[in-house]
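Here is what TrEMBL says about this protein:
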DOMAIN    27-180  domain 'Fructose-1-6-bisphosphatase class I N-terminal'
BINDING   Glu93, Asp112, Leu114  Mg(2+) 1 binding site
BINDING   Asp112, Asp115, Glu274  Mg(2+) 2 binding site
BINDING   Asp115, Gly116, Ser117, Ser118, Asn202  substrate binding site
DOMAIN    192-325  domain 'Fructose-1-6-bisphosphatase class 1 C-terminal'
Amino acid sequence: MTMQQGLTLSRHTSEYAGTDKLRLAVAAAIDAIAGASIEISELIGRGPLAGITGEAQGSSNADGDVQKDLDVRCDEMIIAGLKKIPFAALASEESETLVLGDPDAPISVAFDPLDGSSNIDTNMTVGTIFSIVPNKPGEPPFSAPGHCQLAAGFVVYGPQTSLVLSVGNGVDIFTLDRRDRTYKCIREQVQIPEHTAEFAINASNHRHWEQPVRDFVEECLAGADGPRSKDFNMRWIGSLVAEAYRILTRGGVFLYPGDSRPGYGDGRLRLLYECHPMAYIIEQAGGGASTGRERVLDLAAKSIHQRAPLIMGSVDKVQRIEVLHNDPAAANITAPLFGHRGLFRV
Ligand SMILES: O=P(O)(O)OC[C@H]1O[C@](O)(COP(=O)(O)O)[C@@H](O)[C@@H]1O
Ligand SMILES: [Mg+2]
Ligand SMILES: [Mg+2]
């Protein structure tokens, strides 16, 4: 089944409550991003042969991150694809302000053209993330909560280039067949495995975390001797798309919580084009996505580049982290090892 055929399957399209116009606009946006992602995949695959050095070009994006030449090129490629279809507004990580289109168009699109780009010089997996939302005339673009998304997806540029897609009826994965430059469906109705003992967090921020996050990590580190009676494995790739793909394949949990560093009160990841689409996909695959205190899909953005904490993965772990935040008394942190002394401290 090719991408084109996949998109015309009734399961992919019949879920839209809206009109044909809305359904076609969503399909066209997915096609445009998929097309751009094939070009991005080819560009990244050539790496230094295409002049990609991984060096910063000297400017920074709206969030203050140093912009790499490749971030900007990927942004231009996605915008060029989306400019061929009807949209009301585009929100990109790499643009300070919205790109405005036809105010009467049925959809708007938020995207991170190149996620994990700080890894590009190490030849590690990077990706493109997108979220397609309805445009309601009279309402500011991107002001609705995440559960209003019509579709969300991400592309991983790894050993394989794969597109993970949800249009609100489960999650399918398409892998790029480089021989004919089409995406082919390799997995339908992906379900996140439960009970996987794997967690991912940037532990170098430990001293900045809130207590509930420390408590959860300490439970994992205590392994078979701790309250979870199970040994855990740890992963941290530093590339959200790669972490999400692993969770869809193997389960486990990913945390980028808020912490006490200046500017990191709501973590690092951006709500509209990182947290919302990932939360949508993870929930559609039977997992959970939370800030630690509330469901990510219930959050509505007040500004384009707003950040939010993101804790996503197997439901049992996400729920445990929510209990640690919202009801520590019920969390039953009794053993001194797991009290505020903590394994990380002497
Ligand atoms: O360097 P840190 O703080 O561990 O952050 C890593 C996170 O930042 C990101 O790279 C942010 O995305 P961008 O590369 O698009 O800015 C995520 O992919 C990743 O999960
Ligand atoms: Mg990103
Ligand atoms: Mg990015």
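Glycine too: its Cβ is placed from the backbone N, Cα and C atoms.
Where TrEMBL records a feature, it is marked here on the structure.
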residue	record	contacts (Cβ under 8 Å, 6+ apart)
Asp112	Mg(2+) 1 binding site	Ser92, Glu93, Thr128, Ile129, Phe130, Arg270, Tyr273, Glu274
Leu114	Mg(2+) 1 binding site	Ile40, Lys68, Leu70, Asp71, Cys74, Asp75, Ile120, Val126, Gly127, Thr128
Asp115	Mg(2+) 2 binding site	Val126, Gly127, Thr128, Ile129, Phe154, Ser239, Leu240, Val241, Glu274
Gly116	substrate binding site	Met124, Thr125, Val126, Gly127, Ile237, Gly238, Ser239, Leu240, Val241, Ala242
Ser117	substrate binding site	Lys68, Leu70, Asp71, Val126
Ser118	substrate binding site	Gly238
Asn202	substrate binding site	Trp236, Gly238, Tyr256
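Taking Gly116, Ser118, Asn202, Glu274 as the candidate binding-site residues, the subset whose CB lies under 6 angstroms from any atom of ligand 3 is empty. Close contacts with ligand 2, defined as a Cβ under 6 Å from any of its atoms, occur at Asp112, Asp115, Glu274 among the binding-site residues Asp112, Asp115, Ser117, Asn202, Glu274. Residue counts for the domain 'Fructose-1-6-bisphosphatase class 1 C-terminal' (192-325) under DSSP (helix as H, G, I; strand as E, B; rest coil) come to 60 helix, 21 strand, 53 coil. Neighbouring residues of the recorded Mg(2+) 1 site, listed in sequence order and excluding Glu93, Asp112, Leu114, comprise Asp71, Cys74, Asp75, Ser92, Glu94, Phe111, Pro113, Asp115, Ser117, Thr128, Ile129, Tyr273 (Cβ within 8 Å of the Cβ centroid).
Secondary structure at Gly116 (substrate binding site), taken from DSSP and collapsed to helix, strand or coil, is coil. The Mg(2+) 2 site, placed at the center of the C-beta atoms of Asp112, Asp115, Glu274, has further neighbours from the same chain whose C-beta lies within 8 angstroms: Glu93, Phe111, Gly116, Gly127, Thr128, Ile129, Phe154, Leu240, Val241, Leu269, Arg270, Tyr273. Neighbour density for Glu93 (Mg(2+) 1 binding site): within 10 A of its CB lie 26 other CB atoms from the protein chains shown.
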